[in-house]
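> Quick one: the structure is below, and I'll ask about it shortly.
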Amino acid sequence: MKLKLISAAVAAIVAAAPAMADLTFSALSYRTGPYAANGIPFADGYQDYFTLLNERDGGIGGEKINLVECETGYNTEKGVECYESTKGSGALVYQPLSTGITYQLIPKATADGIPVHSMGYGRTSAKNGAVFNNIFNYPANYWDGASVAIKHLLDLNGGDLKGKKIALVYHNSAYGKEPIRTLEELSKKHGYTLTQLAVDHPGQEQKSQWLQIRRERPDYVIMWGWGVMNQVAIQEAVNIRYPMENFIGIWWSGSENDVLPAGEGANGYKALTFHNVGSDYPLYDDIKKYVVDAGKAAGAGDQLGTVLYNRGLYAAMLAAEAAKTAQAMHGTATITPQQMRDGMENLEMTEDKMTALGLPNFGPSFKVSCANHGGDGFGAVTQWDAKAGKWNMITEYMQSDQEVLNPLIAGDSEAYAKENGITPGCN
Amino acid sequence: MPDQLLFGTEVFLNGLMAGVLYALVALGFVLIYKASGIFNYAQGVMALFAALTLVGIMDGQVPFSHLINAVLGTDIHHFGWNVPAVLAIILTMGVMVVLAWAVQQFIFRHLVNQEPIILFMATIGLAYFMEGFGDIMWGSDIKKLDVGLPQGGSFWIEENTQWLGFGNENFYGFFLDQLDIVATVIAAILVIVLVLFSQYTKQGRAMRAVADDHQAALSVGISLNFIWVMVWSVAGFVALVAGIMWGAKSGVQFSLSLIALKALPVLMLGGFTSIPGAIVGGLIIGVGEKMFEFIVGPMVGGATENWFAYVLALIFLVFRPQGLFGDKIIERV
């Protein structure tokens, strides 16, 4: 009897396990906890894109996709646990969805030979692939974001920011402090004065910071916020009647969640982005047909076209395109994580490719290489239209100031290499 | 007046207002601790749950809709109606009373005479249960809360205080958020009503008797069950008020449960057993942290408020362990 039970259990496990030939992707998501409102649309977009590929194309290169989701709750310890418990599944790439988790996974994933893609977050200097062989942060990083914000302000001021006052309201954490160095360097170049206003986690009380802004009347406010800090900051800006068109958030401060609580007052608020907004793309027709209408959507199907859903969709699409590149490079459909890394390092996204994928004019064109794991640093600015209840992209993609950023990235990555005994190099 | 004095006064006034908002959260802790000796870790989550329920009712949201749709394959989310704010507040209060009854019936009734640490642990479990339950019931998206309270700087105050600058171009009049002013008025009314209730009503006196000695209160015929359900209901009402005020600032979202962190230094300073103590403690913490940030913050890179509130509370604790208004704990051997 016991033997029968064991045999039945083994048979059940074998039947339930994914076929080893599947391409496994991990999804470290956070559908619970204080940041669930942001985690859910991203996770839905990420999952729906892979479901679409399975349903419409039969996977990637004929191999079905097996998505392994693990709940992190946006907690670094849980994120690391997720990595440790799922890496045995043969995951081709990890997208940690948190700067804290990314920092923890950099040495682990490098040692395990598994690539990490931190899209628009994580360690900025990971752009230097000669030092961070397994870490990728294309198409844009935080320093690109800071530079694109300044470039937008330069455009608004006829190329001259001399004498202007810019305030940075930032989450008092490693994430929030990321743009400071870049903004300081750019202030030397462009002659603006920078005021730094730190907000303690979680950011529910920001009266002091906004009273200071009211007193000092900076010409522009840039925000590096997350979670409740964003909603409170936008509401406080409305309260002191700060001109919203002069208030720009990083891409993690620019979703519908951040502006809706402030209602009409948030009209005109701006946010940076590295992908387009809305759902007016041919790809969405396929998502509706093969995923939503087929009852296979990841969530309730109510997040389609939101900023963070689009970001999740884009992240999955870049992972799938890297997998295709790896398959073509190595002549096999069943790639390994190391081959996936090669695919990511040779990924090239062009407008023609994006159009063929059903996302014309959605993301910037870029080419990854060993020396450049971060893309070409293109970003754009979106603006909230409260009446229509939607974000609009109001600029073309602009490239960050490579002249200022490249030496910073080289300096930071070289320091990391020295600390960790890494000999920089490209294979 | 010189700039710094004007701005310092403005920060002081806003500190008072922020303190009132902290006190609103602290009040819920005090009520339950006073009546049952339980430090209710779940008070912040109660504020979140109350606010979620209020928005859900106002928007005509179907509770547990995601669960229902997942199990039955339906696609229902809203009833198709909106409920006026006043009626929604009354209905939410009803839900909080049911919650109070359930908490008493299923948890604390079984833990009578247990050590305080056991009761505290039970509230930790309750907090996490309610967080998940609220998530399943109303969803985890960020919701706009609009019960018709005014928000934003008061034009009237700005215009009528501009003269204090005596032509100073840098001074635009004092900034006071209308929502904070409303919160102050509501908190004042709440404290007066609670003090009158506990001093002059039969139930209030019974509540104080239970707080003094459970066994003695039982021996004179006071129902522990009834009193505790009543106290948790009142704490639920205070949580609802706090949830409305904080939710109006940030939208109703799961971070709302973290407002409890703002109440802890207030309790340490004002005492765990005094309603006026919660208010005075809130005001001292509010003014203290804002003035410290204004004066010292720029020298140390800012973001001093969170930790300075606790430093202030610790200083008071060293000299007055029971808090400013708390009862002195005397253990006879």
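Please read every residue number as a count from 1 along the shown chain.
Any Cβ shown, glycine's included, is placed from N, Cα and C.
Take a look at what TrEMBL says about it:
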- B:12-33: transmembrane segment (TRANSMEM)
- B:45-64: transmembrane segment (TRANSMEM)
- B:84-104: transmembrane segment (TRANSMEM)
- B:116-138: transmembrane segment (TRANSMEM)
- B:181-201: transmembrane segment (TRANSMEM)
- B:222-246: transmembrane segment (TRANSMEM)
- B:266-287: transmembrane segment (TRANSMEM)
- B:294-319: transmembrane segment (TRANSMEM)
> Is it true that the transmembrane segment (B:222-246) and the transmembrane segment (B:116-138) have 3 or more CB pairs under 8 Å, sequence gap of 6 or more?
no
> Name the range, of those listed as B:12-33, B:84-104, B:116-138, B:181-201, that has the largest tally of Cβ pairs under 8 Å with the transmembrane segment (B:45-64).
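Stretch with maximum Cβ contacts: B:116-138.
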> Near the transmembrane segment (B:12-33), which residues from the same chain, at least 6 beyond its ends, have a CB less than 8 A from one of its CBs?
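Sequence-distant neighbours of the transmembrane segment (B:12-33): 39-40, 43-44, 46-47, 174-177, 180-181, 183-184, 186-187, 190-191, 194, 231-232, 234-235, 238-239, 241-242, 245-246, 259-260, 262-263, 266-267, 270, 272-275, 277-279, 281-291.
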> Using Cβ atoms and a strict cutoff of less than 8 Å, what residues sit near the transmembrane segment (B:181-201) while being 6 or more residues removed from its termini?
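Distant contacts of the transmembrane segment (B:181-201): 16-17, 20-21, 23-24, 27, 31, 149-150, 154, 207-208, 234, 238, 241, 245, 275-276, 279.
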